[in-house]
Every structure is written in structure tokens, then in C-alpha cells.
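Chemist: Right, I'll just put the structure down here and ask away after.
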Amino acid sequence: MGRERVTVVGGGLAGSEAAWRLAQGGVEVELVEMKPGRRSPAHVLDGLAELVCSNSLRSDNPHNAVGLLHEELRRLGSLVLSAADATRVPAGDALAVDRERFSALVTGRLRGHPLVRVRQEELLRLPEGPGLTLVATGPLTGDALAADVAALAGGRLHFYDAIAPIVAADSIDMSIAYARSRYGKGSGDDYLNLPFDEGQYRAFVGALLAGEKVAAHDFEEPRYFEGCLPIEVMAERGADVLAYGPMKPVGLEDPRTGRRPFAVVQLRREDVAGTAYNLVGFQTRLTWTEQRRILREYVPGLAGAEFVRLGQIHRNTFLEAPRVLAPDLSARERPHLFFAGQITGVEGYVESAACGHLAARAMLDRLAGRPFLPPPAATALGALHRHLTGEAHPPGYDYQPTNVVFALFPPLTGRHRGKAARKDAHAERARKEIAPWIDPWTHTARGAAAP
């Protein structure tokens with residue numbers, strides 16, 4: 001394809017992975033990183049690919065969705081996974097790393113690549129083009145650049161994420177839950193309802209108020225939007241606030257009794273197949289341990305709940321990707337701009353790296369005049385892509401960042417008894433489907449990371 005040149009803005013997990021993949025594809029890369037001249041409040045190290053909040057890339061077990069993503073990225077020659085394997089520290093089946101060695105190794109490999117030039121500068125405006133640029137500036141994108149991205153996104157740029165817990169459908173006690181949309185609107189099975197009597201509601205509110213909360217980072221001022229307050233903050237405003245807010249029972253009579261409960265927790269279908277449900281309005285800063293305990297102990301129908309995702313609220317600059325980005329992760333309004341990483345609405349180190357890999361691959365295809373070939377839907381990479389395009393979610397879904405979870409995958413066919421069997425089936429199907437996608441254009445054999 002000749003010596004094309006692209007710009008990658010941001011040297012985190014997504015930007016580093018993308019820069020490596022592009023360079024391995026024969027493209028000259030200018031990687032623009034604001035450190036060490038300027039840092040976000042969360043960063044300490046001078047190097048690229050700094051792990052901020054944890055040194056863990058989570059489970060390396062390929063029968064978990066994130067472990068399957070690890071496996072796929074290794075097969076694709078991921079720099080991030082190669083560096084993680086080389087700097088691994090003991091952590092059971094989790095892939096945990098020595099942060100400083102990991103960052104130093106990624107930095108060294110990128111600086112040592114003949115087609116990569118690292119420029120240390122803070123970018124304040126989006127490049128005008130016509131050259132291709134990948135924006136991978138992360139959840140703490142600087143104010144000036146964020147304002148430019150917001151203008152591009154037409155208001156579809158969010159500055160905090162408000163994530164409610166998601167529960168596996170088959171762990172909900174259906175002898176307690178009932179299907180009903182408020183006032184009978186919509187298709188009834190889009191929502192499940194968990195009814196409370198007054199005593200159960202009072203006990204639940206008390207548990208929320210007493211529950212242990214996550215302390216905010218120094219760079220996260222606890223300023224909340226009124227439309228997405230943490231449930232415990234609403235509970236602090238008055239004993240009945242939740243019963244008139246996200247837990248209001250109006251229009252949700254129990255069809256088995258014909259009576260209206262004192263309060264309800266509504267569960268909204270999270271995926272098309274109905275394998276997971278979101279606890280509506282339950283964004284929270286309770287610790288994950290407390291979320292599990294309180295929701296299982298105090299919410300009728302969730303005693304045996306298995307959580308696909310737990311709730312959180314934190315500073316996180318992210319685009320409403322399904323509406324702002326095309327399927328190849330380029331901006332619909334300015335196609336020379338591509339986006340990757342947490343700014344697109346993926347959550348987690350590995351997911352960010354995977355998104356960077358996908359964007360780089362799309363850019364290589366654009367430069368070569370080829371159509372972008374998305375990853376197969378049943379792979380972990382494909383599941384993330386389905387999230388970014390909105391394909392994994394039902395109509396009207398409130399787009400929020402997510403980790404890779406099996407709820408994003410297309411439903412399995414056939415019978416699979418038990419959770420372990422379903423995970424095995426997902427993994428085996430993904431392995432078969434990823435193989436022909438790894439190198440469809442016969443240009444990624446050189447994509448393997450250097451030792």
C-alpha cells in the first residue's frame with residue numbers, strides 16, 4: 001500500500017495497540033501523547049500504556065468473556081497482550097502485571113519500531129485532515145479537546161457514566177418476578193418487576209444508607225446529574241424518594257394478584273435474546289461487595305442473582321458510539337477521524353486495547369481501498385463491535401460503557417445445561433469463527449508482537 005502515514009492521538013492501551021498494529025501493517029505512525037509535559041490527574045508514569053486503577057487485566061480463563069478476548073488478541077499478535085504476558089505477576093487465573101515494567105516494555109517496543117514516531121504534545125483540536133487520525137484519548141480527555149469532540153458529536157458526548165448492575169436472566173427467581181411494562185405499554189417481556197411490600201422496602205432503604213461506598217478519586221468530584229443520581233444519594237434525600245422515583249409502582253400492578261406493590265425494582269432487557277436484565281435506575285457507588293450482598297439479601301427475587309456487571313458512577317468521557325460512529329469506527333460527520341478505546345464506550349483495559357486493534361484494522365482497510373470486514377459476531381471482538389454499533393442492544397437502549405460480557409454475544413443454538421456448558425459453547429463457537437477472520441486479506445501474518 002506504500003508508505004501511508006496516520007496520526008494516533010493518545011498513548012494509552014487503545015492508542016498503543018493501534019499504533020503497533022498500524023506500523024506492523026506497513027504504515028508510518030505519529031503517536032501523539034501529552035505526557036510527560038502534561039498529565040491527567042490520574043497518571044503518574046511517564047511511559048505509554050499506563051495502567052491507572054488496577055494492575056489486573058482480569059481473568060485469563062478463556063471460558064470467561066474477557067479471557068476469550070485475551071485469547072483472540074494473542075492470536076492477532078496484540079502488543080498489549082504480549083507485553084502483559086512478559087510482565088505477568090502471580091494472581092491466580094487473573095492476568096496481572098508489573099505496571100512499571102509493562103509500561104516500559106510497551107514504550108520501548110513502540111519507540112523502537114522503525115515506522116513509529118512518538119511526539120510529546122497535548123492536542124487541543126481535532127486534526128482537519130485529509131490524513132487519517134485515530135483519537136484514543138481515554139476517559140479523562142482534556143477539556144479543550146473534549147469540547148471539540150463534543151461539537152463533532154452534536155451533543156452526544158457524555159462526561160460521566162452511570163452504570164447500573166446487570167443480572168443474568170436465568171438467576172432471577174421467576175416465581176417472584178412478573179413481566180409487565182408500565183401501564184401495559186410495549187411488549188410485556190421487555191421488563192420484569194420485583195415487588196416489595198412496605199416492610200421490605202424500608203429494610204432495603206436502610207441497607208442502602210448503611211452500605212459501604214466507593215471513595216471518589218481525587219480527580220472525580222462527586223457532582224451528579226439529577227437525572228442519574230446514585231440510588232443511595234436518592235435514599236439520603238428521604239425515606240420515600242425511591243418509591244416515587246426509580247422504584248415507583250404506578251402502572252405496574254402484579255397480574256397474579258391484581259394489586260399494586262408498595263414499590264418495585266424494574267429490570268429492563270439488556271440484550272435482544274433476553275439473557276440479561278439491567279436494574280433500571282440503580283446506578284450506584286456502593287462497593288461491589290455491598291452491591292452483591294444488598295441486592296441478594298434485600299431485593300425479592302434476587303437471592304440467587306448472578307451479576308453480569310455491577311454498578312458504578314465515575315468521570316468518563318465517552319461518545320454515543322452507535323449514533324456518532326460508522327461501523328468502521330470512523331466519525332459519520334468527519335470520516336477521516338477514527339475513535340477507539342474508552343472514549344467510544346468500552347470499559348476496561350483489554351476492551352480498550354481490542355477497540356484500538358479494531359480501529360487500526362479498519363484504517364488499514366481504508367488505506368488499502370478495501371471494505372472494512374467486522375469481526376464475526378460470535379467472537380469476543382465481534383461482541384464488542386456489536387456493542388459499539390448498537391447491534392447487541394434493543395431499540396431505545398440507553399448507551400453506556402460496558403466490559404465484554406456474554407450478554408453481548410448472539411444467543412447460542414441448541415441446548416446447553418448449566419452456566420459452565422454455555423460458557424464452553426460460547427468459547428468453542430468463537431474459536432471457530434475467529435480463525436478465518438484473522439487474516440482475510442493475507443496481510444496480518446506480520447502482526448505478531450516482537451519478543
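Here, residue 1 is simply the first one shown, and the rest follow in order.
Cβ coordinates come from backbone N, Cα and C, glycine included.
In case it's useful when we look at the structure, here is the feature table from Swiss-Prot:
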type: BINDING; residues: Gly10, Gly11, Gly12, Leu13, Ala14, Gly15; note: FAD binding site
Chemist: Let me spell it out: for each of the binding-site residues (Leu13, Ala14), count the other Cβ atoms within 10 Å of that residue's Cβ, using every protein chain shown. Which one has the most?
Modeler: Ala14
Chemist: What same-chain residues, at least 6 away in sequence, bring their CB to under 8 Å of the CB of Gly15 (FAD binding site)?
Modeler: Val8, Val9, Leu31, Glu33, Leu48, Leu134, Ala136, Thr137, Ala340, Gly341, Gly356
Chemist: Report, as a single number, how many Cβ atoms besides its own are within 10 Å of the Cβ of Gly10 (FAD binding site).
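Modeler: The answer is 28.
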Chemist: Relative to the Cβ of Gly11 (FAD binding site), which residues of the same chain, six or more apart in sequence, are found under 8 Å away?
Modeler: Ala19, Leu31, Val32, Glu33, Lys35, Leu48, Ala49, Leu110, Val118
Chemist: So for Gly12 (FAD binding site), how many other CB atoms are inside 10 Å of its CB?
Modeler: 29
Chemist: For the recorded FAD site, enumerate neighbouring residues of the same chain (Cβ within 8 Å of the Cβ centroid of Gly10, Gly11, Gly12, Leu13, Ala14, Gly15, site residues themselves excluded), in sequence order.
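Modeler: Result: Val8, Ser16, Glu17, Ala18, Leu48, Ala49, Ala136, Thr137, Gly138, Ala340, Gly341, Ser352, Gly356.
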